[in-house]
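Asks: Pasting a structure here, questions to come.
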């Protein structure tokens, strides 16, 4: 009987010290189908929207020029905004080449 009480106490302490569900997803590499499945899990019913860079360029060849302030408009982006646009990375670069958190994945949800 004392052994069972000791075992239950140890199990309770392990449960308290174990990672909770909010912290279980820290930062990880996600590529290919693992990335897509994780996005489905994170976004759930909201879904997500993603156009690969190659396809986006085929649909609108001026998208990069406009994003970087080289297209038509009122003089393009300011220097700080231009620098941030140059550093902007897609989800594959962010999560497959590097690592991403649950919060970063949620930014790709609709």
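Using N, Cα and C of the backbone, Cβ positions are placed for all residues, glycine too.
Got these off Swiss-Prot a minute ago, pasting:
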type: SIGNAL; residues: 1-24; note: signal peptide
type: DISULFID; residues: 95-100; note: disulfide bond
Asks: Tell me, how many other CB atoms lie within 10 A of the CB of residue 100 (disulfide bond), whichever protein chain they belong to?
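Replies: For residue 100 (disulfide bond), the 10 Å Cβ neighbour count is 22.
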Asks: DSSP on residue 95 (disulfide bond), three-state: which is it?
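Replies: Note: residue 95 (disulfide bond) is helical by DSSP.
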Asks: 10 Å Cβ neighbour count around residue 95 (disulfide bond)?
Replies: 24
